[in-house]
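Feature annotations, reproduced from TrEMBL:
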| type | residues | note |
| --- | --- | --- |
| DOMAIN | 70-285 | domain 'SET' |
| BINDING | Glu79, Gly80, Leu81, Arg220, Asn240, His241 | S-adenosyl-L-methionine binding site |
| BINDING | Arg220, Asp237, Trp252, Tyr284, Tyr297 | substrate binding site |
Amino acid sequence: MASLFIHSSFLSSPKPSKPIISYPTKKPPPQILPATVLLAGKTDPLPSSPTLQTFWDWLSNKGVISPKSPSVNLGIVPEGLGLISQKNFSRNEVVVEVPSKVWINSDTVAASEIGGLCGGLKPWASIALFLLREKGREDSPWRSYIEIMPSGTDSTIFWSEEELFELQGTQLLGTTLGVKEYVQSEFIKIEEEIILPNKHLFPTITLDDFLWAFAMLRSRAFSNLRGQNLVLIPLADLINHSPSITIEDPSWEIKGGGLFSRELLFSLRTPIPVKAGDQVLIQYDMGKSNAELALDYGFVESRSDRNMYTLTLEIPESDPFFGDKLDIAETNGFQETAYFDIILGRSLPPGLLPYLRLVALGGTDAFLLESIFRNSIWGHLELPISRTNEELICQVVRDACKTALSNYHTTIEEDEKLIQQGNLNPKLEIAVGVRAGEKKVLEQIDGIFKERELELDVLEYYQERRLKDLGLVGEQGEIIFWEPK
């Protein structure tokens, strides 16, 4: 995750984030449109129809769909390919069930001819290498499935330098470059240890090929399933995302194949009622930001709570109280570096202000770091410590926001004008949406701490609270001096 600001003693510099393989999707439509069904009546003679028909026949032969009465069919939709209902579905009704014999996961790789070579690889890397191996085989049993995969997506990892320029100043740019660097480093290692020594298995695999396989997994694979860390599910991975669906419960599960079957089934349900002829859609992940959606899938949403900025705080090793502060942080569930996601329109996340106050603690406030306060200090940090401490965190955060805002090459007003004009190409729409969202969050953060600055003279600090606890402050806030009798 990238940081808010790099020129502060405790707001740290950007660090590339390692990728998390996530759920499948394509770019969502602005509205749900009637779909052209390809295989029901074969009335649309598109050039891709033979490939899709071969895939459909493959699914039928594998027992995934019933050729005579399928519950869904393939269709051309605004996202590309999608699942079109062939009947009316009620909410939570099963749409598709895919048996494990057609899944691609780590077990599939282990049982293949390259399984012995992939034992030491990360699961995603081994599956990516398997995809490329099967893609290059004319006689691959997976060819019908792999051939319907797109050559790319609008994910920012596929953007040109000119397109990435539109992300100047954004955290998404840093994350995108970090992910590409991460994939490249994995490829270099795999190329040296596996690909080059086994050219008979991998005749021509380039970094671009490996990046493609990575992107297919990132955009199509399901993860965190029962006993399955990462798995490609043919047919089910054609399900598209709808921004209008806000149900957070997952629309899929792994279940047994029946009383007399040990085979597992991937069961996909519709979260909302669907009429025959409409596209079946789901919600991928309500917790993802627009930057994450852009990186994983290549789209953004207009929902304000998709706009997020990650603030990275760090206890510098040069801090004379580094050891004490780190111990306090760890005791309360934090580390030397802490990440806080700020979401547009929402309050600051829990722990942010206490952590800021801890990192800024020093001078006459440093006595709170003594071991006698170790069990109670976090409670003290949840409230203002001193005017000096509170003023420092306000200044640092506000300066950081101003610096971050200056790094963008457009203003919020300019971005909003572009959005209002419309007719943006998909990638520019993503760039404008992400950078406008980030800037709005930065302005929100700045506004919060500007307001705190205006309250510095009226806030109640530690010493005043302590005197009140001891009964040494009167009703008007005056200090009471007790004289001995």
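Every residue gets a Cβ built from N, Cα and C, even glycine.
Known features from TrEMBL, placed on the structure.
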residue: Glu79; record: S-adenosyl-L-methionine binding site; Cβ within 10 Å: 20
residue: Gly80; record: S-adenosyl-L-methionine binding site; Cβ within 10 Å: 13
residue: Leu81; record: S-adenosyl-L-methionine binding site; Cβ within 10 Å: 21
residue: Arg220; record: S-adenosyl-L-methionine binding site; Cβ within 10 Å: 24
residue: Asp237; record: substrate binding site; Cβ within 10 Å: 25
residue: Asn240; record: S-adenosyl-L-methionine binding site; Cβ within 10 Å: 24
residue: His241; record: S-adenosyl-L-methionine binding site; Cβ within 10 Å: 22
residue: Trp252; record: substrate binding site; Cβ within 10 Å: 20
residue: Tyr284; record: substrate binding site; Cβ within 10 Å: 24
residue: Tyr297; record: substrate binding site; Cβ within 10 Å: 27
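Within 10 Å of Tyr284 (substrate binding site), judged by CA to CA distance, lie the following binding-site residues from the set Glu79, Gly80, Arg220, Asn240, His241: Asn240, His241.
Residue pair Tyr297 (substrate binding site) / Asn240 (S-adenosyl-L-methionine binding site) shows a Cα separation of 11 Å.
Among the residues Arg220, Asp237, Trp252, Tyr284, Tyr297 said to bind substrate, no two Cα atoms are farther apart than 19 Å. Per-residue confidence over the domain 'SET' (70-285) averages 93 (mean pLDDT, predicted model).
Using a 10 Å Cα-Cα cut-off around Asp237 (substrate binding site), the binding-site residues Glu79, Gly80, Arg220 reduce to Arg220. Largest Cα-to-Cα span within the S-adenosyl-L-methionine-binding set Glu79, Gly80, Leu81, Arg220, Asn240, His241: 13 Å.
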